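Q: Just dropping this structure here.
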Amino acid sequence: MKPVIALVGRPNVGKSTLFNRMTRSRDALVADLPGLTRDRHYGEGRIGERPFIAIDTGGFEPVVKEGIVAEMAKQTKQAVVEADVVIFIVDGRLGLAPQDRAIADYLRKTGRRIMLAVNKAEGMKYTSVAADFYELGMGDPYAISAAHGDGVRELVDEAIELAVQERPELAEEASDEGKGVKIAIVGRPNVGKSTLVNTLIGEERVIAFDMPGTTRDAIYVEFERGGKPYTLIDTAGLRRRGKVFEAIEKFSVVKTLQSIADANVVILLLDAQQDISDQDAHIAGFIVESGRALVVGVNKWDGLDGHTRDRIKHDLERKLQFLSFANFHFVSARERTGIGALMRSVDDAYAAAMVKLPTPQLTRVLQEAVEFQQPKRVGASRPKLRYAHQGGSNPPIIVIHGNALSGVAETYRRYLENRFRAAFKLKGTPLRIEFRTNKNPYADSKD
């Protein structure tokens, strides 16, 4: 599991700048809850070999009781609930503000591990930067510059250390708990995840998940279907931890991200009776970014007329075209229709994700693809694609060697991906293609 770090502070202290710097390795935004323009954002980052999840929040004014600012405060409180460590950011140039005191008072009551970061501290002496903020009672401040990166690595390193002290299991590798294929069922609230879980495991079990505990402790449920073992990773909802925040929503982005990372195959469940939302697309995007095998289930399909079904299929093709590699199934978890085909696709997706691709066959498919359609010239030279081999599994990675490969266009990369998919019948898994210009047996050959 990955430590979760929430960034909290009043408006315009540099939270988003710090968030973008922390998560730059993963393109920053991986999930964005709908609603306000200043809802909380989630991203993944990495310091060395240590991954983490960061949450960016809107400007926090905890004493405001109504309006958009109050809604932003609610989002921030939710982020604090989900976090292992909270980084409280203040502005070193403007000094201590009354809002900072109010935020500090609130954070002290949460029981979370809090780190105080004084941003915009570039060019300032530490003693002068820190002096204003000791009275907040948050310990020694960390002087940073989110814009320039000064002090950020040390800050995040320490945040991860504090998180591991709080929850030692965060230092462990992805869980090997359970038997067979590990499945995560994800989706926004009320799409029928719990009903599908009960249908798969054959008993009213999900209610047992909703017990007091931490917000992110995974629960593994083993079951068999057709004589095959599987392990289901619980994503049934967010549990309350203490009395930090009473009105906790049932959908937890952090819980979803953690379960996707731990799964072999993800079932993305959609609601046929609701339009595809930005939230659906964000969850789907993270699954693809994570490289997880995927099956899409469109639930509540029973009772819909032919015209409605055609419209839904058209919307799926239009809004989720980047999931064309996945199998879509139209099911009813309540009526238990379509579940067998859904699970067969789970097996197929897992097999595709773990496939072994021999180098001679990969190279032959590559050469046939180039012979059929060469990459476009870049300036005076044309990229030369020489040979291919497998660089990893789950998802499959195909490494292509050659010359001048930095000039290969994205459209040509997609063309090659489609050729490899068709040749090896890779359905249900993302496929990564990497281009590598290096010394190889063909490097000095003549065309």
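Backbone N, Cα and C atoms are what each Cβ position is placed from, and that goes for glycine too.
So Swiss-Prot lists the following for this protein:
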type	residues	note
DOMAIN	3-167	domain 'EngA-type G 1'
BINDING	9-16, 56-60, 119-122	GTP 1 binding site
DOMAIN	181-354	domain 'EngA-type G 2'
BINDING	187-194, 234-238, 299-302	GTP 2 binding site
DOMAIN	355-439	domain 'KH-like'
Q: Work out, from DSSP, the number of helix, strand and coil residues along the domain 'KH-like' (355-439).
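A: Residue counts for the domain 'KH-like' (355-439) by secondary structure: 32 helix, 23 strand, 30 coil.
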Q: Provide, as an integer number of angstrom, the distance between the C-alpha atoms of Thr57 (GTP 1 binding site) and Gly187 (GTP 2 binding site).
A: 22
Q: Identify which of the binding-site residues Asn12, Thr57, Asn190 has its Cβ surrounded by the largest number of other Cβ atoms within 10 Å, counting every protein chain shown.
A: Thr57
Q: Work through the binding-site residues one by one (Phe60, Trp301) and point out the residue whose CB has the fewest other CB atoms within 10 angstroms.
A: Trp301
Q: How many Å lie between the Cα of Asn190 (GTP 2 binding site) and the Cα of Phe60 (GTP 1 binding site)?
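A: About 29 Å separates the two Cα atoms.
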Q: Per DSSP, to which secondary structure element type does Lys193 (GTP 2 binding site) belong, with helix, strand and coil as the options?
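A: SS state of Lys193 (GTP 2 binding site) = helix.
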Q: Below 8 Å Cβ to Cβ and six or more residues apart, same chain only. Which residues does that give for Ala121 (GTP 1 binding site)?
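A: Residues satisfying the criterion: Gly92, Val129, Ala143, Ile144, Ser145, Asp150, Gly151.
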Q: Return only the integer: C-alpha distance in Å from Gly187 (GTP 2 binding site) to Gly9 (GTP 1 binding site).
A: 30
Q: Around the C-beta of Gly9 (GTP 1 binding site), how many further C-beta atoms are within 10 angstroms, looking at every protein chain?
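A: Within a 10 Å radius of the Cβ of Gly9 (GTP 1 binding site) lie 26 other Cβ atoms.
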Q: Quick one: give me the count of other CB atoms within 10 A of the CB of Gly187 (GTP 2 binding site).
A: 25
Q: Whole-number Å distance between the CA of Asn12 (GTP 1 binding site) and the CA of Trp301 (GTP 2 binding site)?
A: 46
Q: Roughly where does the domain 'EngA-type G 2' (181-354) sit in mean pLDDT, to the nearest integer?
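A: Taking every residue of the domain 'EngA-type G 2' (181-354) together, the mean pLDDT is 80.
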Q: DSSP on Lys15 (GTP 1 binding site), three-state: which is it?
A: helix
